[in-house]
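Quick look at what Swiss-Prot annotates:
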BINDING   CYS37, HIS58, CYS145  Zn(2+) 1 binding site
BINDING   CYS89, CYS92, CYS95, CYS103  Zn(2+) 2 binding site
Amino acid sequence: MKAAVITKDHTIEVKDTKLRPLKYGEALLEMEYCGVCHTDLHVKNGDFGDETGRITGHEGIGIVKQVGEGVTSLKVGDRASVAWFFKGCGHCEYCVSGNETLCRNVENAGYTVDGAMAEECIVVADYSVKVPDGLDPAVASSITCAGVTTYKAVKVSQIQPGQWLAIYGLGGLGNLALQYAKNVFNAKVIAIDVNDEQLAFAKELGADMVINPKNEDAAKIIQEKVGGAHATVVTAVAKSAFNSAVEAIRAGGRVVAVGLPPEKMDLSIPRLVLDGIEVLGSLVGTREDLKEAFQFAAEGKVKPKVTKRKVEEINQIFDEMEHGKFTGRMVVDFTHH
């Protein structure tokens, strides 16, 4: 089968490879689509260690082709997912308390185990979430990562209907955060991005206010116009966005961090204490979060913007990603092989 494999010089080689036989509790998916995520870029570039030889990809949707011994949660013919959260240990304090993505022995698709950017992929059946009927698999691929990540982040922000949520970064993650915030949580949304194209798209999606921080001070405007945001979700990978988010929040507000810039953020301790501000990290989502995120997409409340590409274009896609050359998500199409 054809697979996108990480090489030692930090590129991707599309080559023929064979998967091992299924073990107890596993299923084999015939892949339909696999989205390309910024995390794949980090893994490919060796930012998390040398992963030479690993099949990349963790935004996969496929049809169950075969199930191993002991599988009860999936059957042949089901459409199911391959996500970054590939499996947890199942018995630690995090796994048993609904915080499974924080499991210290977690496996991640396309990083610690072979991923979904291939014609076939092995999953642990109990950790592979079924896709609801009527949800386009290309669209579903974006929900497995970008969708569930932003849905969970908005959930963690504890935003209430009619409250102001400021979203920093309106790329592949941010535009979905905006849709979940508006169409599921019924919040008022402020979109902040340095790219006017992304802001125009945010406006189309129903943003109540858009700000380009290159031209104006986002935090100052948010404080002046609405008295500060009730919560902020930061998907941008710039330290300046995190610092602005803290300044843009009102007393008692929450800053939810999603993007991963390498630097440290500045945090005024008196502001934190005297204004009772919370700063929280939110990492992807649990299986239950993904099930909910899929359902809202199936109901048409969230529509990821996806562009289908061939697996042979994978290095070009990563190059475009590094230079911020596209809006929405790029999805590799395996349905025509």
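Glycine is no exception: its Cβ is also placed from the backbone N, Cα and C atoms.
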Out of CYS37, CYS92, CYS103, CYS145, which of the binding-site residues is least crowded by other Cβ atoms within 10 Å?
CYS92
Counting every protein chain present, what is the number of Cβ atoms, excluding its own, within 10 Å of the Cβ of CYS95 (Zn(2+) 2 binding site)?
20
Nonlocal neighbours by CB distance (under 8 Å) for CYS89 (Zn(2+) 2 binding site), same chain, sequence gap 6 or more
CYS95, CYS103, ARG104, ASN105, VAL106
Does anything in the same chain, at least 6 positions from HIS58 (Zn(2+) 1 binding site), have a Cβ under 8 Å from its Cβ, and if so what?
CYS37, THR39, ASP40, VAL82, ALA83, TRP84, PHE86, ASN108, ALA109, GLY110, TYR111, GLY115, ALA116, THR144, CYS145
DSSP on CYS103 (Zn(2+) 2 binding site), three-state: which is it?
coil
Zn(2+) 2 site, defined by CYS89, CYS92, CYS95, CYS103: further same-chain residues with Cβ within 8 Å of the Cβ centre
GLY88, GLY90, HIS91, GLU93, TYR94, VAL96, GLU100, ARG104, ASN105, VAL106
